[in-house]
Amino acid sequence: DDQGHTHRNLVRKSVRNLSPAERRSLVHALKSLQEDSSADGFQSLASFHAQPPLCPYPEANKRFACCVHGMATFPEWHRLYTVQFEDALRRHGSVVGIPYWDTVVPQEDLPAFFNDEIWDDPLFHANFTNPFNGADIDFNHQKIARDINVDKLFKEGPKGYDTWSFKQYIYALEQEDYCDFEVQFEIAHNAIHAWVGGTEEYSMGHLHYASYDPVFILHHSNTDRLFALWQELQKFRGHDPNEVNCALEMMREPLKPFSFGAPYNLNPTTKEHSKPEDTFDYKGHFHYEYDHLELQGMNVQRLHDYINQQKERDRVFAGFLLEGIGTSAHLDFSICKIDGECTHAGYFDVLGGSLETPWQFDRLYKYEITDVLESKGLDVHDVFDIKITQTSWDNEDISTDRFPPPSVIYVPK
């Protein structure tokens, strides 16, 4: 290609499985990218997501964030975005794809790859600030901050392996309708933004600044891996993994700012494939692949079997019709009996900011409540309320009036 590389596929590996040479190449590449002040440097690429805003076009008087959330093209926009960073890192010397941080498995510690403040390079007897530990936000003279919620990140499920993220992604992967999958998938992905950013403004938890934290690309490499896993499951289920059955017009609409071209997007590959429908064939178009497409050690066959096992009992879900509220938010909900006794039933997060593109899902986000109802001796036909509380990223209470009351959905086996 025009960068002097042959088109061999880069492999995206777990951050915990990188060889010393791979880790060194990534650290030096990101350090170099962060020092690159061109239109293809770190600050420019970070601005693709939200701030300084480039949409609807850079010369517009009133601009908003280009990143896609709350819409069917969320997976495709972020696939392009990881490619944008991956190609930039390769130009700066990386020999491996963007590694992924697998947060579906119970975490015992935070990976040193991004948690160590100092990078010690034993080969060259050098040490310097680890570029994956943070970054400057040049346009407003701030630095990325983290307020990591280790309680949620390290929390095992009742059986150990069945973490919050595992259960959320399993239900997303169960969906054979693309748009049903997308809603579940996107909300599941939001959790890591909230758990890494916490109550910090200049962080993963805020739509405007998330992409300035290098953890963003590690998280989105994993998010994209789970999207690729869904594609493999679709193939296994007899569907075309490169086709969707909904939002067809959106799939033909080029995604910004990738479609802009120079002087904003200098990457010819993401410009050429800026239509969402052109992102499905990621190996052919973007030349990367994953070391493992699995969830908690389950390959596609075993995952398919596990998903079918979940369907062998009657299930009850709480259904939420979500829309953007101009900020990131944490939602908790409880099941309340008619005598007033309430039991905590679940939680999820929304990623947002004042510059977000207005959005509203056209279908429900579903959260399973079968076990909570059983523990309280409730049947789906009994009378109970679902009570929501909503707080902003900085722990301010938010009115829940924006959302219609949750639905109760019964799914027989």
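Placement of Cβ uses the backbone N, Cα and C atoms for every residue, glycine included.
The Cu cation A binding site feature in Swiss-Prot is assigned to HIS49, HIS69, HIS78. Long-range neighbours of HIS49 (Cu cation A binding site) (same chain, six or more residues apart, CB within less than 8 Å of its CB): ALA65, CYS66, CYS67, TYR81, LEU207, ALA210, SER211, PHE216. In three-state terms derived from DSSP, HIS49 (Cu cation A binding site) belongs to neither a helical nor a strand segment and is classed as coil.
The Cu cation B binding site annotation in Swiss-Prot covers HIS189, HIS193, HIS220. According to its DSSP assignment, HIS193 (Cu cation B binding site) is helical. The number of other CB atoms found within 10 A of the CB of HIS193 (Cu cation B binding site), across every protein chain shown, is 23.
Residues or ranges marked as disulfide bond in Swiss-Prot (evidence: experimental evidence): CYS55-CYS66 (among others). In the three-state DSSP scheme, CYS55 (disulfide bond) falls into the strand class.
Taken from Swiss-Prot, the feature disulfide bond covers CYS179-CYS246 (among others), and the record attributes it to experimental evidence. Sequence-distant neighbours of CYS246 (disulfide bond) (same chain, 6+ apart, CB under 8 A from its CB) are ALA72, ASP177, TYR178, CYS179.
Swiss-Prot lists CYS336-CYS342 (among others) with the feature disulfide bond. In the three-state DSSP scheme, CYS342 (disulfide bond) falls into the strand class. Around CYS342 (disulfide bond), taking its Cβ as the centre, 15 other Cβ atoms fall within 10 Å, counting all chains.
Per Swiss-Prot, the feature N-linked glycosylation site maps to ASN17 (among others). Around the Cβ of ASN17 (N-linked glycosylation site), a 10 Å sphere holds 12 further Cβ atoms from the protein chains shown.
Summarising the environment of ASN127 (N-linked glycosylation site), the number of other Cβ atoms within 10 Å of its Cβ, over all protein chains shown, is 11. Under the heading N-linked glycosylation site, Swiss-Prot lists ASN127 (among others).
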Cβ-centroid neighbourhood (8 Å) of the Cu cation B site, HIS189, HIS193, HIS220 excluded: HIS78, ASN190, ILE192, MET204, ALA210, PHE216, HIS219, THR223, LEU351
Length of the line joining the Cα atoms of HIS189 (Cu cation B binding site) and HIS69 (Cu cation A binding site), in Å: 11
Pairwise CA distance, HIS78 (Cu cation A binding site) versus HIS220 (Cu cation B binding site), rounded so that it is a whole Å: 7
For HIS78 (Cu cation A binding site), the number of other Cβ atoms found within 10 Å of its own Cβ: 26
Number of Cβ atoms other than its own within 10 Å, given for CYS179 (disulfide bond): 17
Nearest-integer angstrom distance between the alpha carbons (Cα) of CYS55 (disulfide bond) and HIS69 (Cu cation A binding site): 14
CB within-chain contacts under 8 A for HIS69 (Cu cation A binding site), separation at least 6: GLU186, LEU207, GLY324, LEU351, GLY352, GLU356, THR357, TRP359
